[in-house]
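Peer 1: Dropping a structure here in structure tokens format, bear with me for questions.
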Amino acid sequence: MNENCYKRVVIKLGTSLLTGGTGKLDHERMADLCRQIAELTRLGTEIVIVSSGAIAAGRSKMGIRHIPKDVPFKQVLAAIGQSQLMNYYDQLFSPHGLTVAQGLLTKSDLSDRSGYLNARNTLLALMELGIITIVNENDVVAIDEIQQAKFGDNDNLSAMVANLIEADLLLILTNIRGLYTSDPTLHPEATLITEVKEITEELEQLAAGSSNKLGTGGMVTKLEAARLATSSGVTAIIADGHIPDIILKLANGENEGTRFIPSLHKPDSRQRWMMSGLCTRGSICVDDGAAKALRENQKSLLAAGVQQAEGKFGRGDIVKLTDSHGKRLGYGITNYSSDDISKIKGLHSQELNAVLGGNQGPEVIHRNNLVVI
């Protein structure tokens, strides 16, 4: 390999890949992955790793064979296992002359703009020094992640990190080749989907039918991660980490796994922060007409298109936008509080004054303060 197509890469290493299905870390597999990453760094690629495996490492250290369901017990194992995991990575990268750093994040770390920028600046500084940063969600305090909440898995965390550092490529490596037309463990005739230009409802249904017993993230969360990454202008690939030299092949542009094509629009820093969805105070559900106008034409959201507001938020807060089916449309800065929106939803712009005794303009969310995913 003489040249790589991507200059800044986030690599997510899943539990199923790192354990090989045994529940214990596979040191040979980890050594080979680290070798590939080291070779890529020698070619000038900046790399951040989002690594699962802390709880698995803790189980192995303590000789615990069963998968715990109790949250405090999982947190204990994560605390024990995280140091083991970092020690393994340090030992594996040291022969290649590389230093590793640990980055433990929680959603609250990135939920405000200053925290987001501080984390970004730290990661960029580490990359500039040639350090391999190993990122994980802080399982010891991140209750949502331990409980396998939808937004707290390492798949989505890897997409957030790719968003954060403006990566060119997000590699989600697991024990399956990519997204299939049906679950290949149940349907041998299933075929690999090699390229995705748009994440449709049909693809989401395919992902929901797949299975993964070891990690917190199945194919559904990988698809969610791919959506965030591509909306942020990042190419995302889901691939089998067992394929020989898979990291080097994908970084060189070879066709393996399922490749998700990024949006042509490259969002700016503020838009990327909004896209992360970490700073939302509530949500606004819109009707089908408004959803179409937002998706296809990037129009401002008017009160007439609003069906309801959920949560408690004020003017100037960032909210999530959903369609009438609950599907996420994007994020925006609202001109009206949740209380005011409950009064003006469905109304035409000329009716707002009479209801509120004054208004903040016809737009509930102006298109300049809106990002569509």
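Glycine residues also receive a Cβ, built from the backbone N, Cα and C atoms like all the rest.
Relevant sequence annotations retrieved from Swiss-Prot are reproduced here:
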type    : residues                                                      : note
BINDING : Lys12, Thr216, Gly217, Gly218, Met219, Val220, Thr221, Lys222 : ATP binding site
BINDING : Ser52, Asp139, Asn154                                         : substrate binding site
DOMAIN  : 281-359                                                       : domain 'PUA'
Peer 1: Could you state the whole-number distance in Å separating the C-alpha atoms of Lys12 (ATP binding site) and Asn154 (substrate binding site)?
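Peer 2: Cα-Cα distance, Lys12 (ATP binding site) to Asn154 (substrate binding site): 8 Å.
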Peer 1: Can you tell me how far the Cα of Thr221 (ATP binding site) sits from the Cα of Ser52 (substrate binding site), in Å?
Peer 2: 14
Peer 1: Just the number: how many Å between the Cα atoms of Asn154 (substrate binding site) and Gly218 (ATP binding site)?
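Peer 2: Each residue's Cα considered, Asn154 (substrate binding site) and Gly218 (ATP binding site) end up 11 Å apart.
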Peer 1: What is the number of residues in the domain 'PUA' (281-359) that are helix, strand and coil, as DSSP sees it?
Peer 2: 28 helix, 25 strand, 26 coil
Peer 1: Expressed to the nearest Å, what is the distance separating Val220 (ATP binding site) and Ser52 (substrate binding site) at their Cα atoms?
Peer 2: 17
Peer 1: What Cα-Cα separation, expressed in whole Å, is found between Lys222 (ATP binding site) and Ser52 (substrate binding site)?
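Peer 2: Cα to Cα, Lys222 (ATP binding site) and Ser52 (substrate binding site) are separated by 14 Å.
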Peer 1: By the DSSP assignment reduced to helix, strand and coil, which category contains Gly218 (ATP binding site)?
Peer 2: coil
Peer 1: Where's the emptiest Cβ shell within 10 Å among the binding-site residues Met219, Val220?
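Peer 2: So among Met219, Val220, the binding-site residues given, the one with the fewest Cβ atoms within 10 Å is Val220.
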Peer 1: Starting from the Cβ of Lys12 (ATP binding site), draw a 10 Å sphere and report how many other Cβ atoms land inside it.
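Peer 2: So the number of other Cβ atoms within 10 Å of Lys12 (ATP binding site) is 31.
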Peer 1: Tell me the Cα distance separating Ser52 (substrate binding site) from Met219 (ATP binding site), rounded to the nearest angstrom.
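Peer 2: Ser52 (substrate binding site) has its Cα 15 Å from the Cα of Met219 (ATP binding site).
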Peer 1: Most Cβ neighbours within 10 Å: which of the binding-site residues Asn154, Thr221 is it?
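Peer 2: Selected residue: Asn154.
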Peer 1: Could you state the whole-number distance in Å separating the C-alpha atoms of Ser52 (substrate binding site) and Gly218 (ATP binding site)?
Peer 2: 13
